[in-house]
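Pulled from Swiss-Prot:
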type     : residues    : note
DISULFID : Cys23-Cys92 : disulfide bond
REGION   : 1-23        : region 'Framework-1'
REGION   : 24-38       : region 'Complementarity-determining-1'
REGION   : 39-53       : region 'Framework-2'
REGION   : 54-60       : region 'Complementarity-determining-2'
REGION   : 61-92       : region 'Framework-3'
REGION   : 93-101      : region 'Complementarity-determining-3'
REGION   : 102-111     : region 'Framework-4'
Amino acid sequence: NIVLTQSPASLAVSLGQRATISCRASESVDSYGNSFMHWYQQKPGQPPKLLIYLASNLESGVPARFSGSGSRTDFTLTIDPVEADDAATYYCQQNNEDPYTFGGGTKLEIK
């Protein structure tokens, strides 16, 4: 199984500043010219919401403050600038190899 390791596990960012979350895969998630890495936001009592697909593509309706980058084994989610509504837990997920796996999550607090 591909193991996804997120860092940090939690972070506190001041309103209007930048938040950066990293995700490292135990092996490459690249195939056919794409990186099969995705980012989700989850708030308590709600299902995960897709933010970024294929490493860097913004899901429809998601603000451009969210961006993703990376390839092979190292990926980053950036939120810039952070807004109060961004307080949530963020997860990376790969679907390059079955079983599809998630990172352990990063809890974002807004100061």
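Cβ coordinates are placed from backbone N, Cα and C, and glycine is handled just like the others.
Packing against the region 'Complementarity-determining-2' (54-60) from elsewhere in the chain are residues 34-38, 66-71, 75: each is 6 or more residues past its ends and has a CB under 8 Å from a CB in it. Averaged across the region 'Complementarity-determining-2' (54-60), pLDDT for the predicted model comes to 99.
When each of 39-53, 61-92, 102-111 is scored by its Cβ pairs under 8 Å to the region 'Framework-1' (1-23), the top-ranked stretch turns out to be 61-92. The largest share of C-beta pairs under 8 angstroms with the region 'Framework-3' (61-92) comes from 39-53, of the ranges 24-38, 39-53, 102-111. Cys23 (disulfide bond) is surrounded by 29 other CB atoms, counting those within 10 A of its CB over all protein chains shown. Long-range Cβ neighbours of Cys92 (disulfide bond) (same chain, at least 6 residues apart, Cβ-Cβ under 8 Å): Leu4, Gln6, Ile21, Cys23, Met37, His38, Trp39, Tyr40, Phe75, Leu77, Phe102, Gly103.
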